[in-house]
């Protein structure tokens, strides 16, 4: 659930970015982060790490100590349920749903039975020109592969502790 404080902080972060006159991609280039991660930081969907704070402050000079400190606190990662109605988000969701089964099959074929992490995960958005010369959007999901484990009772630490003499 979004709090008034989070909404206020996000608004102030957006104002600081706007004052910089820089795009997410430009800020990403200056900080060594992905453009999506920069956006996540400024929307309070990711935690700013101490080593990155000076780079972000240099890229966005209007960031106050108070804003930087709030960005360093663990965020409440959430989204408004109406976000799916926003056309860009709706189409991204539609693409994942449409291609998801095939993507899952290829993951299983290439890696085995498992999933892509959304925690050990990188995401970026890039603009390219297609063969027809028109602008194209490239969304890259780069997640660690996590294999499913066979649930063997002898590997279940909590069960072993209960059975110990």
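Cβ coordinates come from backbone N, Cα and C, glycine included.
It should be emphasised that the depicted structure is a prediction, and the values quoted were computed from it without experimental measurement.
Quick look at what TrEMBL lists:
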- 13-67: domain 'HTH cro/C1-type' (DOMAIN)
- 91: active site (ACT_SITE)
- 94: active site (ACT_SITE)
- 117: active site (ACT_SITE)
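If you draw a 10 Å sphere around the CB of residue 91 (active site), it holds 11 other CB atoms from the protein chains shown. Residue 94 (active site): 11 other CB atoms within 10 A of its CB, across all protein chains. Of the recorded residues, residue 117 (active site) and residue 94 (active site) place their C-alpha atoms 20 Å from one another.
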